[in-house]
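Everything on this sheet refers to the single structure shown next.
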Amino acid sequence: MLNNAMSVVILAAGKGTRMYSDLPKVLHTLAGKTMVQHVIDAANELGAAHVHLVYGHGGDLLKQALKNDNLNWVLQAEQLGTGHAMQQAAPFFADDEDILMLYGDVPLISVETLQRLRDAKPQGGIGLLTVKLDDPTGYGRITRENGKVTGIVEHKDATDEQRQIQEINTGILIANGADMKRWLAKLTNNNAQGEYYITDIIALAYQEGREIVAVHPQRLSEVEGVNNRLQLSRLERVYQSEQAEKLLLAGVMLRDPARFDLRGTLTHGRDVEIDTNVIIEGNVTLGHRVKIGAGCVIKNSVIGDDCEISPYTVVEDANLAAACTIGPFARLRPGAELLEGAHVGNFVEMKKARLGKGSKAGHLTYLGDAEIGDNVNIGAGTITCNYDGANKFKTIIGDDVFVGSDTQLVAPVTVGKGATIAAGTTVTRNIGENALAISRVPQAQKEGWRRPVKKK
């Protein structure tokens, strides 16, 4: 179906008192992303020409958090209802576009459901998203005559008979811009709350003989709003369960789907195995046959085929080629790069460092601002001293170098191909190819030496 141009209004002016937080409610996160960002992303994916964000409380915090989004900011200085919020945005509506109304605290609304709503909107009428609940207490009821939607009655204004209706309003609707502006201008606050209800436009449209078409979401969770942290935590689990199900059906082995969190996008190959309590953040790519141990955190990284990441390892903004082994308890910080077959063991930290093919840093090591060649062995306790308190410097280690335990490389320094560095050495000057570097103080031995005795 050919759709009209469309703009989206997102209502985000509420304070969120029941969150007991200094943050505006819509800035609380679900799956690592603010609730309102989920909604903005859905609007953009739908192809919205403009996204109007109606804000009130915490405007400065909202603008800072959403500074990279192309939004039209609309102030609602007083919170006088949903209709009043839409009235603030109405001057920005084009007559010939459709206006879709969304909510910043309803984060799981799907693009698929919104597209069905958009497709179902009749010419000159309203598309309305509704659901049926066993217990509709507190929600606006959908009234019908001969099956046709005639209006929405808020719970506080409903009669006993109307309160028996199970079909309720989700608040999400779409209508033509010119029609929306005309109906908004007719709203009154003659109700129990003394507010301007956007829902009253349904009755206004019906009185004009306009058609109102109701569409149901694929899942109830899509239209669940968040008013407190308990509701937010429940939606988090719903979201994570859905993501885990998709991954399992796509061939990823999650050892316990209930103990896996996806806070971004995961691209994966075949026969990937992920153990319990793993967190995936940002954009992560896992190659074929990758294994990730329990308790790992992987963020914005590319992991090549046949890599194995042992438990409790943190990988952030890193790139691993095929057949690398990491951990346990390793940390790869931004800029870490491992070439094919490289190994980083327990309690090894890398930042802005490249470890060559087949090279190994087995344990208790810091490699920062370093370029390490192929088939290099880094002994335990090795440190690249890259920072002088003001500036950072680079360490370059050639192929086939052996670095003994407890070595300090004071950058800037270059170690030539095939060199050997004896254990306990502090390297302050460049080392030539195939040379042995040693800087230990000669060992002294005192025969018959006795330890001091504590005084009683």
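Keep in mind that glycine also has a Cβ here, set from the backbone N, Cα and C atoms.
Summary of the site annotation: Swiss-Prot records acetyl-CoA binding at A380, N386, Y387, S405, R440. Screening the candidates A419, A423 against this entry identifies A423 as the one listed for that site. When other Cβ atoms within 10 Å of the Cβ of N227 (Mg(2+) binding site) are tallied across all protein chains shown, the result is 14. Overall, the recorded acetyl-CoA-binding residues A380, N386, Y387, S405, A423, R440 cover a maximum inter-Cα distance of 23 Å. Taking Cβ pairs closer than 8 Å, the region 'Linker' (230-250) reaches residues 28, 30-31, 35, 107-108, 221, 224, 257-258, 260-262, 266, 268 in its own chain, all 6 or more past its ends. H363 (active site, proton acceptor) falls within a strand when secondary structure is assigned with DSSP. The Cβ of E154 (UDP-N-acetyl-alpha-D-glucosamine binding site) has 19 neighbouring Cβ atoms from other residues within 10 Å, across all protein chains displayed. Here the Cβ of N386 (acetyl-CoA binding site) has 23 other Cβ atoms within 10 Å, regardless of which shown protein chain they belong to.
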